[in-house]
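Below: one structure, written as structure tokens.
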Amino acid sequence: MKSLALLLSLLINFSIGSYINFIPYDNSDCTGAINGGGWSILEYACFSIDVRYNYQFTTHTLNGEGFVQWTQFPRVVGKTQCFYQDLPISNASIGSCYKNNPLSTFDIFRSLPSNQYYLISVTSEPFYPTNQAGMIVLQYMGNGECSNDNVEIMQYFTNNTQSEDGITGIQMKWYCNDENEPYETQCFNGKNCFDMPQQYKCSPTHPFFNTSDEISGGTGAGDYSGTGSGSSSGNSGTSDGGSSGSGSGSGSGAFISIIDQNDKNNNKNNNKNKNNNNNNNNYNQYEKSTGDGGITKPHDNYISSFCT
């Protein structure tokens, strides 16, 4: 499939890992130009973008066919936890063209149209289209570090992508103007529209580092760090899992809360005394189902942050 050939166009080296990709198209064949809002999500990462639900993705093989599955977890206030509790599981075959629906709306503040489709793929590197002008890319990094080795989630919009705030109903269009400056058009009930400059970048090859303190989310030890939806910047998390950033414009802040499910040696050392200090309990443990029905050992988790 021609669309899959685009996966070979990555120009940046990333750390090795499995990323589940939701590559957007405007037709049920997932052919032609990539168009809409897409995702590239690290396998096993427990995350919440809008602080309403938590999600976790895994890959599996059944009868020789590969597929991805994900679970939507109810979110406890102040906690990002993904425990298996007999919850409904969504799935899609790798290489299939998957129709957008409420269970694939991972950011309610930027809900995408129901007529959008996703090409489902799995790669060892995070994917986003590098051959399109006017890309707006949001990156979420692991372990509080903004570097190539910590990319956990990528959320991107092609030029003129339309979305809607699922809470307020405000319609939004993301675009880059003739001067290659990022903007968001907001409309109320299809009228009273106005343009808002954004502090993201318009670039087909987005840099994976924090470009400005003014537009970065906090990297504190709190439960989550915030990012501005408009011109406002997010506040740093606090040691007791305190505040998050909220954006201007639509009034709905863009949040991020990720817990990495990888087994990190430095986290093991840092968390040796967690049982003796409940106030610093910024991690939980999980049990990951293996492909053959077994259970792997628990892994340490750690808080991630947003970078632009």
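In case you wondered, yes, glycine gets a Cβ from its N, Cα and C as well.
Taken verbatim from Swiss-Prot:
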SIGNAL    1-17  signal peptide
CARBOHYD  N13  N-linked glycosylation site
CARBOHYD  N91  N-linked glycosylation site
CARBOHYD  N159  N-linked glycosylation site
CARBOHYD  N210  N-linked glycosylation site
REGION    213-308  region 'Disordered'
COMPBIAS  217-231  compositional bias 'Gly residues'
COMPBIAS  239-252  compositional bias 'Gly residues'
COMPBIAS  267-284  compositional bias 'Low complexity'
Does N159 (N-linked glycosylation site) have same-chain partners at least 6 apart in sequence with Cβ under 8 Å from its own Cβ, and which are they? Q132, A133, G134, M135, W174, Y175, C176
Same-chain residues six or more away whose CB lies under 8 A from the CB of N91 (N-linked glycosylation site)? F67, V68, Q69, W70
Provide the three-state secondary structure of N159 (N-linked glycosylation site) computed with DSSP. coil
Would you mind pulling the DSSP three-state label for N91 (N-linked glycosylation site)? strand
